Each structure stands twice: as C-alpha cells, then as structure tokens.
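Novice: As annotated by TrEMBL, ATP binding site applies to Gly112, Thr113, His114, Gly115, Lys116, Thr117, Thr118. The domain 'Mur ligase N-terminal catalytic' feature in TrEMBL is assigned to 8-104. Per TrEMBL, domain 'Mur ligase central' is recorded for 111-293. Annotated domain 'Mur ligase C-terminal' per TrEMBL: 316-445, in sequence order.
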Amino acid sequence: MIPAGARVHFVGIGGAGMSAIASVLIARGYAVSGSDLRESEITRRLRAAGARIQIGHAPEHVEPGQVVVISRAVPEANVEVQMARRSGVQVLHRAEMLGSLMEGMRSIAIVGTHGKTTTTSMIARVLERAGRDPTVLIGGEVDDFGGNARAGHGEDLVAEVDESDGSLLRVAPQIAVVTNIDATDHLDYYGSIEQVLETFGRFLTRLPADGLAVVCADAAAGGTLVAGLRGSGGARAVTYGLAPESDYAGRILEMAGFRTAFEVRRGRDLLGTVTLSVPGEYNVQNALGALAVGLELGVPFASAADSLMTFRSVQRRFTVRGEVGGVLVVDDYAHNPTKVRALLQATRRCWPQSRIIAVFQPHRYSRTQTVGPQFADAFDPAHEVIVTELYAADEPSVPGIDAGIIVRAVRARRPVQYIADAAQVVAALAERVGPGDLVLTIGAGDVWKIGDGLLASLRARAAGVQEHG
C-alpha cells in the first residue's frame, strides 16, 4: 500500500493506463507529478485536477522521496528512470501501482485481447447505477464520467488490466473477467498462443479461494481456462456468452442499426430481455460479461438491464463522428484482423441496406509484420476498402514492412485501393459517397481525422449547393 500523502511521479503520464491511475491518486489526496513527450487533452485535464506536469523528460523531474511509476512504453534508458535508479527512488511498474490501489477493496480486473475496455465500462455503469459508487480505471475515454477514471467511495474497484506485456501477473484481484484471447494479438511479446494461455491461466490462479473468475465461453480458450481453474481447486468460475451452455447465456432477438435486443438465461431460468443502443454481437458478449458480474454481486437483473439500455459506447468504439447528406461516418479503434472482421460483420448485419466503405490505417510495424497477411479476409463484409499509410505509433521503421503487406493480402481476395495520403483519401471519398453510405474509419492511430475531414468536405459542398441554389 502506498502511504497516504505520498508523492507519486509518472513517467509518461499521458498514457491511457497511467493517466487513469494518476486521476484516482489525485482524487485520493496524493501529490501527483508527471512528464510526457507531448501535451494532450489528458495532460491538460490532469493538470487542471492538480497534477504538476512537465512536457519532455529531464533528470530534475525526479525528486527524493517520490515513488516513480513506469510502463512498458518507457525504456530503461529514459533519463528520469535512470535518475530514480541512481538516487534510490522507488520505481514501480504501472501494474504494481494498480495492485496497490486494489488493496483493501473488492477489486474486479478485466483482461482480454479485445472487448475489455467496453466490458469494463459496462460493469462500471451497472455498479454505479446500482448505487455502489465504484472506483473505475479504464483504458479509454468514457462519456459517462468524462474521462478514463472515476474515484468512488464504495468498496468496489473496477479496472481494465493490460495483458500485452505479462504485467497482469502483478495484480491479484478478487474477481477476474476474461473477455477473449485472440491468437493474433500480443505475439510480439509472448511468441506463441500457448504462452498467452499459460499466462492467463497463471493469472486466474492468483484469485483468492473465495474469488470468482468470469470467463467468456464463446472464446476458443475460455473452456480451457475454466477447466484448468476448476481442476486446480481454485476460485469459483462462471461463464457467459452466446453459447447455450454458458452459465449466463444470451440469445440475440434483434439487431437493427443501433438497436440490439437479446434475452438472458441463467441455467434454465429466463432472466429477461436487454436492449442495447450499441451494435454488434460482440457488444452483446460484452454486456453479458457485465451482467454476470453485476448479478454475482447481487445487483438485480432489472437494475443491470436498465443500466445497459442507456449505456453509451466508449470513445473510438463505433463512435459516430457525424452524418451529412445521408452519409454516416463512424470511427472504431479495431486494429487486428479479428477485431476488424467482427466490426465489419456487425456493421453489415445492422445496416444491411447501406454501402459500407472501410478506411483502414495499419497500426505499428511489429503488428503488421506479425499478422499482416491475416487481414486477407477481414474486410470481406465491406463493399469498398481503402488502406492508408501505416501508423507507426512509437516504433522505428522496419525495412520491408509497410501497408503493402496488408494491401497485397486483401487484394488476393477482393479489390482494395491504397491511398497513402490522408487528404487524398478524403478527396477520393468525397467524390464517391452518397446518401445511405456508411463510412467506417478503422485503426488505433489517427485515422479518425479522415472521417472528420470527409464530414467537413461534405458540409462545405452542401453549403455551396445551398448558396448557389
């Protein structure tokens, strides 16, 4: 446990996970400082909340008596990390600080290669609307509480936990939710799906004897994890999903546009019907995970269902950027083959009359190198596909690795257009879109700017038509 009133310094405070922890610490009265390479909305928000933030890294930012927090994104050669090591200042990994926050609370950790941000948000909403006033830490911006963290006064702490670097083994929650395990994700760190499964299995064994594992049964690895946990005599496990044998089983009744309705059974008992205002089969799975947690904690079904009915999606998770002249522009964070495929399948199913135009921005050299060819059939549900230049994030370029890997894989199955420059993508879209079209910008980088540019172009054109009409 970090002593009350301790001074905590975050190296890379603008990151999603780091800033969420910093927000909760500020609310709890800790003196928080941090540094980041660039100013952002997140750093401005933290500064307004009371954090002392420097742009750029420098040794003098580290002071005696502080606790310094780092993440995998911060190299050991960072000058602030080096100063902390030389000065004997305590250095903690982000997950260790999260584990410290969990102490003394009923902690609920959500892990999984996809679905965890939305599932975490849904669980938070179910508990908050039930009057439990949870503390929440999420890897995305949530409209419900205007950021990625909420400092509550109840006994529950709900946290999205990063599994990408194995640091989930640094936390020991009371309840663990496993949304999914994708064989194409995080292989740059783990090397194989077998190693991913082994790590998730070890994570579940960290649950206390009276703890609870809530596992998605629709995931291919879900049954393996549950069987392993039950075989070890560890914590109790329940499953959720669209598979009929799930402990909390859903059956989709309707999917049309932003309306999705499904019924929920617990064993043979029909609990009722839930209506969501977010589309897609995967959001039904996310909601079932939230329902399972809520019901296991004693939240009445009616309360949980009402909470989910008014749930608004996390930013960059099928976020509507706007609609002009009957052209709907939506943005989504999907960035690996499984997520892209699920996103487009859901869009095609929920908007069957629309022409779906997918604009994809590949993310990271390492991911493109590892799973690029697996994008071949990911875009099959779309009517048209445009691929843009690769978004490197913080990675150096790798010779021979570029967006062409994905373009060639997709082109082997269907037509695809490669347009590197964002402005040219906007121009091309503006020429071809019309009423009833749905343009979906996809990727973990800044591809959303293309959607905004298209909307601006369409508005300008509409204004010009009216002016000359």
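Glycine is no exception: its Cβ is also placed from the backbone N, Cα and C atoms.
Curation plays no part in TrEMBL annotations; they are all automatic predictions.
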Novice: When the pLDDT values for the domain 'Mur ligase N-terminal catalytic' (8-104) are averaged, what is the result?
Specialist: 92
Novice: Look up Thr117 (ATP binding site) in the DSSP assignment and report helix, strand or coil.
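Specialist: Helix, per DSSP.
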Novice: Note the Cβ centroid of Gly112, Thr113, His114, Gly115, Lys116, Thr117, Thr118, the recorded ATP site, then list each other residue of that chain whose Cβ lies within 8 Å of it, in sequence.
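Specialist: Same chain, not in Gly112, Thr113, His114, Gly115, Lys116, Thr117, Thr118, Cβ within 8 Å: Ile110, Thr119, Thr179, Asn180, Asn286.
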Novice: Would you mind checking how many other C-beta atoms are within 10 angstroms of the C-beta on His114 (ATP binding site)?
Specialist: 22
Novice: If you count Cβ atoms within 10 Å of the Cβ of Thr113 (ATP binding site), leaving out that atom itself, what do you get?
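Specialist: If we count other Cβ atoms within 10 Å of Thr113 (ATP binding site), we arrive at 23.
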Novice: Tally of helix, strand and coil residues over the domain 'Mur ligase N-terminal catalytic' (8-104) according to DSSP?
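Specialist: Secondary-structure composition of the domain 'Mur ligase N-terminal catalytic' (8-104): 42 helix, 22 strand, 33 coil.
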Novice: Only counting partners 6 or more residues apart, tell me which same-chain residues put their Cβ under 8 Å from the Cβ of Lys116 (ATP binding site).
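Specialist: Result: Ile110, Gly139, Glu160, Val161, Val177, Thr179.
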Novice: Starting from the Cβ of Thr117 (ATP binding site), draw a 10 Å sphere and report how many other Cβ atoms land inside it.
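Specialist: Its Cβ shell of radius 10 Å holds 26 other Cβ atoms.
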